Amino acid sequence: MGKLFGTDGIRGIANEELTPELAYQLGRVGAYVLIKGAKDAKVVIGRDTRISGDLLTSAITSGFLSMGVDVIDLGVIPTPAVAYLTRELQGNCGIVISASHNPAEYNGIKFFNHQGYKLPDEIEEQIETYILNNEEIENRVTGAAVGKRIELKEATRLYMDYLKTTIECRFEGLKIAMDLGNGAVYEAAPQLLKELGAEVIIVNDQPDGMNINEGCGSTHPEVVQRLVKENKADVGLSFDGDADRLIAVDNTGAIVDGDSMMAICGTNLNEKHILNKNTIVATVMSNIGLDLAMKEQGCQVVKTKVGDRYVLEEMIKEGYTLGGEQSGHIIFLKYNTTGDGLLTALQLIATVKESGKTLSELSGMMTSYPQVLVNAKVKNENKLAYMEDEVIMGEIKMIEEKMNGVGRVLIRPSGTEPLVRVMLEGQEQAELEVLAHGLAQLIESKLG
C-alpha cells in the first residue's frame with residue numbers, strides 16, 4: 001500500500017489492501033509503540049456497520065491480545081463515542097474500524113491516544129516504519145499474561161447518557177426527520193432523540209453490512225430533504241457512516257451545512273458567554289458568509305488548512321471551543337475531542353428549542369455566497385509556481401478588484417494529484433463561473 005496512514009488513519013478495500021494480516025500487525029505494533037511498559041494496559045475498539053468490520057476487529061484485537069493488552073470491544077458504535085469512551089474508560093488508546101463516508105467495500109483503521117485525540121504524525125510514522133520494514137517485535141506473552149477481550153454491551157448507553165448532559169432542555173413538540181445512512185448511529189440517534197421527547201421519523205436504519213452510505217447519509221442530503229417535506233418536520237438530520245459529521249435540513253427543506261450550523265451554534269454560545277475568545281475556527285474553504293455573520297455578532301473566524309485535524313490543532317493551541325468544516329465535521333471541544341454528528345445534532349436542536357424560532361429563521365442569520373470550484377491540470381512540479389507568475393497573479397488581482405471586497409479568490413494546490421484547485425466566491429454565480437473557468441484555463445496554459 002506504500003505509505004499506510006493518510007489524513008484520517010488507514011483506508012483501503014477490505015481484505016485486498018486493508019488485510020487482516022495488516023490489521024494484526026497494527027495491533028502488535030500499536031501496542032508496542034503506544035503502550036509499552038504500561039501496567040494493566042487496555043485499549044478500546046469500536047466499528048461501523050460494514051461487513052468487513054468483524055474481520056478487521058478480530059484481527060487487530062488478536063494483535064493487541066498477543067502483546068498482553070486487554071481489549072474492550074464496544075461493538076457497532078459512532079467514531080466520536082470511541083473517542084469519548086477511551087477517555088471515560090481510561091484506555092491507553094482507542095481504535096475505530098470505519099471508512100466513514102466511503103462505499104461499503106472499503107474500510108479503515110484509525111487510532112486515538114489516551115485522551116481521545118488523533119495520533120500526531122510522528123507516532124503514525126513510527127508505527128508505519130515498523131510495519132513497512134517488517135521489523136519483528138519479540139514480545140510474545142504466554143499463560144496468564146495474554147490479553148483478554150471484554151465485550152461492553154452498555155457502550156452506546158454510556159455515550160447517550162453523556163450526550164444528554166451537554167444540553168439543558170428537552171425536545172417535546174419537535175418533529176425530527178433522520179437519515180441514519182445505515183451506519184454506526186442507526187440505533188443511538190433515534191433512541192436518544194425519543195428519550196429527549198422528540199417525535200422521530202427515520203429512514204436507512206436497517207444496515208446489512210453492504211448498504212452503509214449507499215445512496216443515503218450526509219453525502220445524499222436530498223433523502224432527508226424529501227423526508228422533511230413529506231412529514232412537515234421541524235429539523236432534518238443526515239449522518240455519515242461513522243457519525244462524525246452531520247448535515248442538517250431546516251423546516252422548509254433547505255440544507256443547513258457545517259458553516260451555517262457553526263454560525264447558529266456559535267451565536268448561541270456567544271450569547272451565553274461560553275464561546276471562548278468570541279472565536280470560531282473554520283477552514284479556508286468555509287463560506288465568506290460565515291465571516292460576515294459572525295462579524296455582525298462581534299465574533300471572529302480563524303481559518304486553517306482544509307481538514308478537521310488542522311481545525312482541532314488550532315483549537316487546542318489557542319483554547320478555542322468551537323470549530324469545524326463546511327462538510328459537517330463540527331468539534332465542540334468542551335464535550336468531545338473529534339467531530340461528533342450526534343452531539344452537533346443535540347446542540348443544534350437545543351438552540352432551536354431555546355430560541356423559540358424555526359431552524360430556517362435561525363439559518364437566515366447567515367447568507368451563503370455562491371462558490372465555484374474548478375480544477376486546473378498542471379505539472380506536479382509547477383503546483384506552487386502560480387505565485388511567481390506575474391500574468392496569473394495579475395489576473396487574480398483583477399478578479400479581486402472586480403469583486404470589490406464582497407468575495408475572494410482561493411488557489412489550493414492538490415496534495416495528491418497534479419492539480420491546482422481554483423475557488424471563487426462572490427455574489428453572482430454566472431459571473432463567478434466565467435471568471436473561475438477563465439483563471440483555471442490561464443493557469444493550465446502557463447503551468448500545465
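Any Cβ shown, glycine's included, is placed from N, Cα and C.
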According to Swiss-Prot, which candidate in Ser66, Ser100, Ser368, Ser414 joins Asp240, Asp242, Asp244 at the Mg(2+) site: Ser100
Out of these binding-site residues, Asp240, Asp244, which one has the fewest other C-beta atoms within 10 Å of its own C-beta? Asp240
Using the centroid of the Cβ atoms of Ser100, Asp240, Asp242, Asp244 as reference, list every other same-chain residue with Cβ within 8 Å of it (recorded Mg(2+) site), in sequence order. Asp48, Pro78, Thr79, Ser98, His101, Gly183, Ala184, Phe239, Gly241, Ala243, Arg245, Gly339, Gly341
